[in-house]
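From TrEMBL, here are the annotated features:
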BINDING   Asn13, Trp14, Lys15, Gly176, Ser216, Gly237, Gly238  substrate binding site
ACT_SITE  His98  active site, electrophile
ACT_SITE  Glu170  active site, proton acceptor
Amino acid sequence: MNKALRKAVIAGNWKMNKTPAEAKELLDAIKPLVKDADCDVVACVPFVDLSVALEATAGSNVKVGAENCHWEPSGAYTGEISAPMLAAMQVPYVIIGHSERRTYFGETDVTVNKRVKAALANGLTVILCVGEYLEQREQGVTGEVVALQTKIDLQGVSAEELKRVIIAYEPVWAIGTGKTATAAQANEVCALIRATIADLYSKADADALTIQYGGSMNAKNAEELLDQPDVDGGLIGGASLKPEDFAAIVKAASR
Ligand code: PEP
């Protein structure tokens, strides 16, 4: 009902795919296909592709994001990248708390919260991922799980900082599996996240928050998902690596 207050955001999550040369090629293919988009378009790419992605997208409407960042500004954290490092490169977006980070790399809501705060303190816009596992959905605790993640992940984030937060609702069972949540399921949980934000902040803050759905969104199902009143965009994995499919999703979000 307040969808008009929010800008739709379609973000690609490239995961661990594409060398720098391949990244340039993919972005060069995507750019002309999305140039008339009436939504924000973001490509979140592996760290090694950031430079080339920033160069390839300069002057276009495609923005670049990273896929994670550490909470400390620097130090003995082998293999990590800090928020000030991303800020120094003028990377505008970063995904935090993706379920693959939580599942394979032991990230918890406490570490996700630290990363969110570091990213925001350094001027980045955060795409914060939350979502339930299949067993949790089957146990009927999706709402509790997602509300708890939202509350812990945003602890200490001010209403002002919240303006640079996008929440991506990504049911873990739908990521990379080809099993999409129904439009009704996606909308129900996005609405619940919005209600949680209204409790934590205010109704106005909740109405202004962009909430994406992510999980096997593709060229065929995007329109129905994006038509839902509380679904303001998508976080796209597999389909973001296919220029025509990604562009079709951007088109669906631009209507
Ligand atoms: C993701 O990685 O955030 C995602 C939604 O992946 P996919 O679209 O492949 O399910």
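Glycine is treated like the rest: Cβ placed from N, Cα and C.
The shown structure was predicted, so the numbers you read here are calculated from the model rather than taken from an experiment.
Would you situate these features in the structure and describe their surroundings?
Listed in sequence order, the residues of the same chain lying 6 or more apart from Lys15 (substrate binding site) and placing their CB within less than 8 Å of its CB are Pro46, Glu67, Glu100, Gly237.
DSSP gives His98 (active site, electrophile) a coil state; it is part of no helix or strand. If you take the C-beta of His98 (active site, electrophile) and look for same-chain residues 6 or more apart in sequence within under 8 angstroms, you find Asn13, Glu67, Asn68, Cys129, Glu170.
The Cβ of Glu170 (active site, proton acceptor) has 29 neighbouring Cβ atoms from other residues within 10 Å, across all protein chains displayed.
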Which residue, out of the binding-site residues Asn13, Ser216, shows the minimum number of other Cβ atoms inside 10 Å of its Cβ in this structure?
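Candidates: the binding-site residues Asn13, Ser216. Fewest Cβ atoms within 10 Å: Ser216.
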Give me the long-range Cβ neighbours of Gly176 (substrate binding site): same chain, 6+ apart, Cβ under 8 Å, in sequence order.
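Listed in sequence order: Ser216, Gly237, Gly238.
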Within 10 Å of each Cβ, count the other Cβ atoms, then let me know which of the binding-site residues Gly237, Gly238 comes out lowest.
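Sparsest of the binding-site residues Gly237, Gly238 by Cβ contacts within 10 Å: Gly238.
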